[in-house]
Amino acid sequence: MPELPEVETAKNGITPYLDGFYIEKIIVRQPKLRWEVSPELSQISHQKVTALSRRAKYLIIHTAQGYIIGHLGMSGAVRIVSPDSPVNKHDHLDIVMNNGKIMRYNDPRRFGAWFWTENLDEFPLFAKLGPEPLSGEFNSDYLFKKSRKKPTAVKSFIMNNAVVVGIGNIYANEVLFQCGLHPEKPAGKITKTQAALLTETIKKELTRAIAQGGTTLKDFLQPDGKPGYFVQELQIYGKKGCPCPKCGQKIESFTVGQRNSYVCLHCQKK
């Protein structure tokens, strides 16, 4: 699933082709995604794109009349193509611009979503989201206070969008390994020092991943068709049975919160 770095990469990649230009029309080929594509999108014509942003794992296209909100789901990707580019299987939505470019959305598993809203502050899926991990609001004091008396595994805790947004399974594994924290350690038992290290490492790892275009494991591609190169930097995710890069002990794998977790039992203590 595309996580925060992948959505940020997608936003950065399409911005030069959308921002400041006009949407001529939106072509919806498959309205039945995870949620039905908002019918208002098919009615959009000659609307100027005024900005692009991201909230959690949602891509937001600002227009003069409202907001187009996209979620890439499990396997979605956006790319910039020309009008003569052939439509492939799973190309479900096109945003046709007046500059001769098309933002095309492809989603083999159809778990993504595209919405329209006139008021971003009242968009229901944003109502319970926690702070952005790269913002000043997300700091060690916040994380430590939020974790108090929480019996939840620390991995599930940092993946909870009500605590902090955008941290998926890949980056949660990497962050906990860098911090030397066992994924099953109760969040309520992390110390102030560990909360500070966790906050710092989350920010560092996400920033590094964004700089390298995210992580491509299977489906994700940048808007220019290139993979995300952070996959080459992964230390522990997907490396069951491989030697730990810190101590050489074999990396173990088990499930935490219904997600695959990778851990070095020597380096990551409960």
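From the backbone N, Cα and C atoms, a Cβ is placed for every residue, glycine too.
Now, the feature entries from Swiss-Prot:
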- P2: active site, schiff-base intermediate with DNA (ACT_SITE)
- E3: active site, proton donor (ACT_SITE)
- K57: active site, proton donor (ACT_SITE)
- R259: active site, proton donor (ACT_SITE)
- H90, R109, K150: DNA binding site (BINDING)
- 235-269: zinc finger (ZN_FING)
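Mapped onto this structure are the features recorded in Swiss-Prot.
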| residue | record | contacts (Cβ under 8 Å, 6+ apart) |
| --- | --- | --- |
| K57 | active site, proton donor | P2, E3, L4, V7, H71, L72, V165, G166, G168 |
| H90 | DNA binding site | N106, D107, P108, R110 |
| R109 | DNA binding site | G73, M74, S75 |
| K150 | DNA binding site | F157, P186, A187, G188 |
| R259 | active site, proton donor | K155, M159, N169 |
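Proximity of distant same-chain residues to the zinc finger (235-269), defined by a Cβ-Cβ separation under 8 Å and at least 6 residues beyond the stretch ends, is recorded for 153, 155-156, 159, 169-170, 173-174, 176-178, 180-185, 217. Per-class residue totals from DSSP over the zinc finger (235-269), listed helix then strand then coil: 0 helix, 13 strand, 22 coil.
Residues H90, R109, K150, recorded as contacting DNA, have a largest CA-CA distance of 42 Å. Each of the active-site residues P2, E3 was ranked by the number of other C-beta atoms within 10 Å, and first place falls to P2.
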